[in-house]
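Trainee: For reference, the structure I am asking about is given below.
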């Protein structure tokens, strides 16, 4: 037996199984989506939108069962447990992912069998295997259960646990154990299950928001198996005698099997002596013993094994923000996450693939107790399975992704499992092996049988042996202890190397046979090849050790007794052994030579293999290219070229790798007399060729290369470019080398030149020195001969000669030097230039080389990236192709199913058709038979039943036949219908009972008679009632169908919003927080449930009604079954019914909007302040009018108001019909009837109203003509001059003139009939108050003429019709900038908030309307969408009011022009009032007004100072009115507490804050400014945290929010729009994609329908609120930038830098008739009105007195006091003018609806720019650059001036009680009445 085996196969990797649980009920309720996708047929999953793919060993979806997981993953681990390996199952995942359910660590009581986890199934499986192995093994089972709670180890099976937990210890071999842990012995599966239940009940659990039964600790349940074969030794000591006897018994049993080895190849070697034959026999015996070892059972090799199975149920990771854990739960979660973090670090370190190639990395096992306990399971002695449990819900996306990453990384962990043998048993096996080895050695050396040896050994007295092994060689002991038991079985015939000497054969050396078989022959050869010295030394030491071990026994015996025969034998053998050792040394050297030879062969084979692999790859590339590019349309040349490529590759000369190897081997063997068995050569060559299994890796690489051959073909261009770069680099390097050589040549030339120069200079110096020396010698000689004068001359001559000589020589040298320098100067300069150029060239070449190499590296990187992309694309395409194939297969299956269904339906249809034909035939027979039976009955039954008929009146004799025929028809119809309904029944009975005759299926005579009597009792219009019933049912069905469709659409909207919300939440990064997502999803889910309930209810109702309704085929069938004589009656009833329905529909449309109630009382008016009305009533004193109103109001309570249609044409018809009916009633009853026309409109929230005394209306009349005087003429002259100037300015500025009418010479007005007036008045509405009369009685139709015709203006006759018109529908008129800026309203309060039109007997009409005062809230008016045809003029209307003389008792205060002359407003644009704004007296008056005790006057109550710069914007939180937000140029946003006046918080901004807005629904505030950003602040949080920042292309000037949208106006004239629900990116809308303004956006506001924008380009644009489509551009524009916009009740007010304020409203046409004005002054007003005549009416005939003012009012200006010429023109006017005007108005009304027009212009509203506008309590407040604040009434007719700030007013805002203003003087002021 041997030591434990190290398993090195692929199964040692940690196996990972992924289990995805199904969605929980909570997740389904939250409508969570599954984010985990599966790959069919592959253990892969795909996560998220990025399609991240993870591959595991096993993948189980939510539908997998527990049994599947056990069979696929766990069963093989149980088998490994009984083989002696440790096993571990590790459950990993987040909390609530199903780990405990999968492992089964909970109690098994009450759990169904199919839901049992892994542990209960393992227990059953273990005991099943124990039942099978109990006969051969002795098994002991133990269990332990522990938990790790808060880093404390607890024993779950110990009833008295240790305080503080159990420690962790480590053995010397690195194994971790826990001392004190209870290992309970279990003897049955019930005991083991009880231990599991008891431990699971003691485990710590808790409840969190994510899991109600969350495990709060890590649990490890362990099963320990100790198995011992029954026949194996279990004791730790045995005597040598028992060992030898057992060995001899084994040997004797094995000798019976030696015969089959007699023909071994070893016997073929020559054997010449006995020794050789003995050696062969011994070799045969060794082979047989090896075979015995091979067949030795596992039980005998592993006698005592202890293995463990660990089940680890980890606590799930959790996030505090999801679990909302606190206190102890929070501490538990922190400890759990800490342990799992350490586990993740261990997995990451072990799973790092670089550990195999780099330095081993530290594994942080000691960071946590959990990792220390799992040390053996992760990277140690265990076979481990990790079950990763995840949740598929998108809400757990991040946790699922992290779990998959760790699990995927765990697959790279390599374990080292070994068979766990008991160490005592292992030592015994070692001793047995040594004893057996010694016996074999003695048997070979002594040539004796094993029995003789045993007897000799038995006769030797035993001596105590020390515990050390018998063999003293440490190598032998180490080999025996370290090598595995399987090495004994690896010896085979194919691995034997037989070497023969000269005289004797050599099978196996004694030394090698004496060694234990530690390795197979393959590995031994390789080892000897690599380390021959070690082999030699080991063999020699082993032989010497064996000899020394053999000599120990004789030494013992010699000391105790005389020499025995055994000692003699041993002595002789020792000499032989010495000789054999020498022979072994020779053999070792010979094996070394063979090893070298085989290594050379291996190298050659490797090279040949590479060549063949290259050729194979080329062939596969060519074939793959042929497959990819194959097309039947290819030319023959293409195929020829392809075959040539094949032939060229195949014809390359190659040599078989086996042939040269065999040849070389045979050559070497023949030369060295060594014979190698060919059968053993091939595996040896394979091992030597590619050690370590590299052959398989090369094959794999070849496969990969084949798979990537397509990618290589795609990179041909890049390869060519790469080769060009390489060539370019080589060329540049050669050029650089050449230039470097040139530089060296230049250096050499320079050195030669310098050397030459130096030589010449040295020569010159030498000559000079020689000259000086010669002259010195001559002077010395001359000094010696001073006295000899004869020699003086000689010396002089000699000196001259020497001087000349040396001078000549010096000159020659200098000439040579100059010549050398001059000749080489050009060359030198040229060399210098060449040097400089070469250096530059070198630098450039080096730079080019660097650039080229960089390009090369970039290209290589690009090629790698492209290759990777293409591989990914191929994988994706392959997956898509597989998916498409699967879809195609599914589609084919569906098509086949549909075909089968179609065939079945065709067969069924054919069958039904045949049955129908048979039924028709039977029906015809029944009809014929019925007619035969009915005819004799009719003559008897009809007269006898005339008295019982239920019709209105008895049947006359004259038409008795008709009644009879009708009854007969009814009877036949009923019979046919009844027979048709019972057709199936009768036919079935006929087919089932063939004996029944045909007469049995038809009704009897008594039945027919009874049915006929029943039909005669029904009224004649039976078909009519039936048709009405069917029509009603079908109408109800259609209504329910439409309702159902609407509910479905609403549900689709909510579902779409829920999907968008879920995408926004699951996107990375998430756009919504969890709380926001839960809140919005809960709201959408509630709506969806509500819609489902509505849909279910509608479907039930529709089903009930559908059962009663007959469809078209059924109706046609009933009609076809009706007799011919009944058809005329049916057709007549149908046509009459259609006509009646059409007539009823027409009348309903006409009277749909008609109601005749009396006016409501004053109290009801106060309760319904959202609408105002016009009354048309006869003129009477005020007291009588009020009494009449009270009388009418009492009668109005019992009337019902009908709904009015929104269409203008329907409104005209309704008013005409109402007035005509009213006049007809006056003619009959001579009573006063009132017509009230009220349009039901959506009610908008109104302004706060004052007391009822302030709501009394005033009746306006013009003053007497004598009060006007010269002031009127002066005013008109000034208007005329001003108008001419403005017309010139308009022409210069590009504006066309208003109309082509001569303004001061208008045509003569044409009188307008009352019908035309009423038609036009009903078609339009107005908000201005006018009074006009008409006197042309001949033009009034008879239906409008009163019964009592009088001409007295004071007539109190109540017979005149009263028309009540809702003031909600009246629209304000349009003001042009050229009109007079005056107040035209008086202050009379004679009416109760109603506009009254009085019609007297002379058809004099007076219209009265209450004014609006700046001191009271403005009444909310909702304008009717009407046509902007005519331009209104309030001043002209005031002149028309002045012509009415009915209200002479009014004071002069109602005179507009008198008030204009007496009390001019300070902001009038008349020059004589402009200078008052700058006078000191005026300012003093304002200051005095500040202190007066008037409740309606605004005062400054508080001032805030805190900004370091000017105020730019203010905003008030509507949800929290006590908080004010301010932004300024100091880059701060300040929060002010309005209760205390304190600055609560400062919010910093990157730039000046120009605009603020608050969205109440989301609780967010948006700020914009000069840094091209929009910040979002959460004002609901305590610190107003900044949520996000949006980038904008330009600075933000203004912000506005409504609904879910936020709109920002930018400085570049564009807009940005965000949806609050998805604020990641701005929306792309028509507003943002198309430029609508050319200048900066200064201001924005919102109406009920439109988004209003004002810009620097002087324009105002209207966009639809939801679609952001341009609706209208307001004309005419301002003359400078629009700085501010305010909206009051959908009326738009705009302020501009041109110091004006404009009022814009929906335009309308109001036709007012005035027949009584005859004043010259009114002619002037008429002239002024004519100036503003609408261009569309410019073609009015010249004799028409019809004038349209700027309030869209048509005034027929013919008064009773006109001159005779005007009367003549009026009397001669044709009536065709009125009809043409009416038709033109009607036609133009529909084309110009919903258009905003300017109806008020306020020039010089301020002395400087109008910076801001604000609405407060129904008034308009404006702030200007002149530091003033002004308050205006809604009509901009009067104002109140507030002394504002010390500097420019920059912003205004308001609440219900206060007005807030901000200025550039850094102050905020609060104003209150």
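Quick reminder: no glycine exception, Cβ is built from N, Cα and C everywhere.
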Trainee: Among 1150-1178, 1179-1207, 1208-1236, indicate the range for which Swiss-Prot gives the feature region 'Disordered'.
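Mentor: Spelled out, Swiss-Prot records region 'Disordered' over residues 1179-1207, not the other listed ranges.
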Trainee: Look up region 'Disordered' in Swiss-Prot and report which of 1295-1327, 1328-1360, 1361-1393 it refers to.
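Mentor: Per Swiss-Prot, the stretch marked region 'Disordered' is 1328-1360.
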Trainee: Quick one: which of 778-797, 798-817, 818-837 does Swiss-Prot have down as region 'Disordered'?
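Mentor: Matching range for region 'Disordered': 778-797.
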Trainee: The repeat 'WD 1' (1506-1546): which same-chain residues, six or more beyond its ends, come within Cβ distance under 8 Å?
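Mentor: Distal contacts: 1552-1558, 1560, 1563, 1565, 1567, 1569, 1577, 1579, 1583-1584, 1847, 1850-1856, 1858, 1860-1868, 1870.
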Trainee: Across the repeat 'WD 5' (1677-1714), what does the pLDDT come to on average, as a whole number?
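Mentor: Here the mean pLDDT over the repeat 'WD 5' (1677-1714) amounts to 81.
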Trainee: DSSP on the region 'Disordered' (841-891): how many residues come out helix, how many strand, how many coil?
Mentor: 51 helix, 0 strand, 0 coil
